Amino acid sequence: VAIKGIERELICPACKELFTHPLILPCQHNVCHKCVKEILFAFEDSFADGGSESSNQSSPRIKISSSSMDRIDRISRSGTKRNSLTPRSSLFPCPGCQRDIDLGERGINGLFRNFTLETIVERYRQAARAAIAIMCDFCKPPPQESTKSCMDCSASYCNECFKIHHPWGTVKAQHEYVGPTTNFRPKILMCPEHEMERVNMYCEICRRPVCHLCKLGGCHANHRVTTMSTAYKTLKEKLSKDVEYLISKESQVKAHITQLDLLLKETECNSERAKEEASHSFEKLYQVLEEKKSAALRAIEVSKNLRLEKLQTQAEEYQGLLENNGLVGYAQEVLKETDPSCFVQTAKQLHVRIQKATESLKSFRPAAETTFEDFVVDIAKQEEILGDLSFHSNGLEIPEINEEQSRMYNKALISWECPGKTDSADIYVLEYHKLNREEESATWQKIEVCSKSKVISDLDDNSSYAFRVRGYKGSICSPWSREVILRTPPAPVFSFLFDDKCGYNSEHLLLNPGRTSVESRAGFPLLLGSERMQVGCYTTLDYIIGDTGIAKGKHFWAFHVEAYSYLVKVGVVSSNKIQKLFHNTNDVTSPRNEQDSGHDSGSEDAFFDSSQPFTLVTLGMKKFFIPTTPAAPKDPASRILPLPSCLGICLDCDKGKVGFYDAGCMKCLYECEVDCSGIMYPAFALMGGAAVHLEEAVTAKYGEYRADI
């Protein structure tokens, strides 16, 4: 094999130089020993400096990619602190495949040295410097050219020095020697985990050599292993077959190389053509701008000359008002006329001119404006358009933001998709800005995303945001998607679970294991309860509250009510009224006590204000019922709204108000006052077949999870 033909395989992916003491990473890529240490030190400095760019300058040999720097916040320090020469971090991205590599507690010491690769690199170096001899390490100056190297002594000798240091009949005479080399490898490969043990097995799970102690009680105890000789034979057979197959396909490889050469030339020609077209396009833009510039300057110059002419004429007119000058001087001469008829003939017109001059003195106004505000060129929109100027391709689809999958809750989850269902873009750019009536031109905030969803934090409460997205494939980008406006909740999101202890009726209600969903069992116990009731009476509502209370501040939470639900009540209850809530007898009495029944209409409002121990609204049969209050509409039909797919409640303890929202668009459906003297708890009541599910909080990994699905 021509050793110079495999140079590409002998280059370290980190330092881009020939391997020096290469180590085998768990992902099976090779990296120089020194490079691994420098990468670990570089990432440790990045942690200390918060991932700043300056922390990446300590090692000129190592260039950490931007994608790796973006993942610094995901990489935590692990391993034990040894000494100042050993990096404390043991987790870093592989320079070859960018996968996160965990070196474990032993760090670099747990990696195998690739002696086979090291030998091949040394042969390459020897072929590259064939004219440069390896000198004897023991000759007196000047040293002689070495003729052999001792693998046991790790040194090179000339013939005379070798005889002196390896005398006949001694132990050293049995040392193994080879031709001159600088690559000295140990005869026996030792286990990095157990330094005194020789590796004699191969772990098929981890794909690495191990010793018998690793198998007995180490991290490979439950792994499938095979003998080293079997692994050697198997892997050598596989590698030989693969090499033979590639050699047999030499003609096909050469055909591909020829095709690639043609593609290289075609790429060169097409790139030059694209450059010419781009230059021509920009030249057209320059020409348009030059024409617009010339027209604007001409308009300003014409306006300037016209204004100067008017002001100059006005200045001359005022100059004539001075004594013995212009109009005043002429009037003074007319006054000298003694003939009445001649004087009257001339003075009449002169008097009119004098009166106009007198009036102009009383209200002085310049004949022309000195400012050129009307000639200010507004280029804000053009700047934005030019800023978005890029290569557009008809083959790159315009992404569309999916409003159904996008959510606004504790964080914003923005999801999008391509109409053709093909992932033609390599990366997406998501932009968003807060809608503010005071600001005419908002600044878009930009985020680069590799997937088709993104979780955004730190958005202001009770605010509307506009979102748009575009795809990039290399230097080509798609047009912007249609802008989608979403609104954040009116207050910070309040997290809680259903309480399975306080008043929870396990016979009628069913909680899921996570206590995020509750369902009423419309089964046999309910039928028995209805059978015991008198005609015209209602069965009991089953109540359940949240396990966390609110003492102050403004909070928001959301939930879903199943469409099949017959009757659900939602709202808040005070801690000092919880007992009254669970022992309320009005639920099983006559319809006369039902506030919406139509009986005793004169006392219903008083009952609602004073007797109700909680504030709830009624949901059911896909409807939202606004409670009967003095401020509510008199028409019953106007108090019935379609039930939103997601309902939200906003409690303001400081103002003593509770609002019920359509959580999809954050629109308030109903708001009323509430007594917040005690600790307030979310409250729910169910009857018949019904179910309520608390809204799931948006987490940082939520978008990745959805993308995987």
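Every residue gets a Cβ built from N, Cα and C, even glycine.
As annotated by TrEMBL, compositional bias 'Low complexity' applies to 54-69. If you look up TrEMBL, you'll see 593-602 marked as compositional bias 'Basic and acidic residues'. Feature annotation from TrEMBL assigns domain 'B box-type' to 186-228. TrEMBL lists 335-392 with the feature domain 'COS'. TrEMBL lists 398-491 with the feature domain 'Fibronectin type-III'. Residues or ranges marked as domain 'B30.2/SPRY' in TrEMBL: 476-707. Marked as region 'Disordered' by TrEMBL: 50-71, 584-604.
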With a Cβ cut-off under 8 Å, give me the same-chain residues at least six positions beyond the ends of the domain 'B box-type' (186-228) that come close to it.
24, 26, 28, 106, 109-112, 115, 151-152, 176, 234
Across the domain 'B box-type' (186-228), DSSP yields 7 helix, 11 strand, 25 coil
Quick one: average pLDDT across the domain 'Fibronectin type-III' (398-491), no decimals.
86
